[in-house]
Amino acid sequence: MKIMKIAALGAVFAAQFTLAQFKQTPLPYAYNALEGSIDAQTMEIHYSKHGAAYAANLNKAIAGTPQEKETLIKILSETSKLSPAVRNNAGGHYNHELFWTILTPEKNTQPSAKLAKAINETFGSLDAFKEKMSKAGADRFGSGWAWLSVDKNGKLFVSSTPNQDNPLMDIVEEKGTPILGIDVWEHAYYLKYQNKRADYLSAIWNVLNWKEVSKRYEEALSKK
């Protein structure tokens with residue numbers, strides 16, 4: 001009887017461990033830290049409800065499948081073979097985990113010299129890049145994301161994807177390593193901006209964490 005109880009407890013522990021495979025990282029600032037650009041209520045709902053749901057639902061979707069033992073990047077690279085639930089929630093979890101980090105209450109951060117040079121060479125100027133990125137978000141019909149990514153040749157490109165897709169997925173047309181992603185789902189901005197997505201896209205540059213984007217740029221290049 002004691003052995004059976006121990007085995008049962010072990011099974012429960014294993015199930016709990018499996019369901020905790022993917023977790024949210026703690027938000028690196030207070031909910032109200034981005035006020036003026038993103039309001040506290042939006043940040044709290046976005047992080048504690050939407051973000052948390054993607055992590056929880058991803059763990060449920062991969063329970064009992066080989067994906068339980070795979071990295072998130074690996075899962076994203078094979079979404080064409082996986083269920084819509086895995087695709088949507090793996091994308092949602094990855095996208096939001098990136099999104100939290102590329103925002104900051106620190107004022108006037110700037111791209112590294114290396115990233116600034118690449119932006120100027122690719123888009124003409126930082127302002128021209130911001131315009132192109134904002135347009136990608138504004139033109140995305142319905143829900144989705146705007147991305148700055150590094151392609152297989154180490155070059156920068158701007159793209160947008162629907163829903164929770166991203167450039168790491170094997171199903172997208174423009175593939176690469178995302179270093180900056182802007183959420184244009186309505187839950188990211190509607191409480192403050194209502195239907196004025198363009199205003200949200202303009203304001204988000206005030207809280208962009210260029211230090212993090214620059215770090216991700218270096219990491220993406222190191223893998224080429």
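Yeah, the Cβs are placed from backbone N, Cα and C, and that goes for glycine too.
Note: TrEMBL annotation is automatic and uncurated.
The Mn(2+) binding site feature in TrEMBL is assigned to His46, His96, Asp183, His187. Residues annotated as domain 'Manganese/iron superoxide dismutase N-terminal' in TrEMBL: 22-103. According to TrEMBL, the feature domain 'Manganese/iron superoxide dismutase C-terminal' maps to 111-216. As annotated by TrEMBL, signal peptide applies to 1-20.
Structure with TrEMBL features highlighted.
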{"residue": "His46", "record": "Mn(2+) binding site", "DSSP (3 states)": "helix"}
{"residue": "His96", "record": "Mn(2+) binding site", "DSSP (3 states)": "helix"}
{"residue": "Asp183", "record": "Mn(2+) binding site", "DSSP (3 states)": "strand"}
Listed in sequence order, residues with CB under 8 A of His46 (Mn(2+) binding site) and six or more positions away: His96, Asp183, His187, Ala188
Integer average pLDDT (0 to 100) for the domain 'Manganese/iron superoxide dismutase C-terminal' (111-216): 99
Listed in sequence order, residues not in His46, His96, Asp183, His187 with Cβ within 8 Å of the centre of the Mn(2+) site Cβ atoms: Tyr47, His50, Gly51, Phe99, Trp185, Ala188
Of His96, His187 (the binding-site residues), the residue whose Cβ has the fewest other Cβ atoms within 10 Å: His187
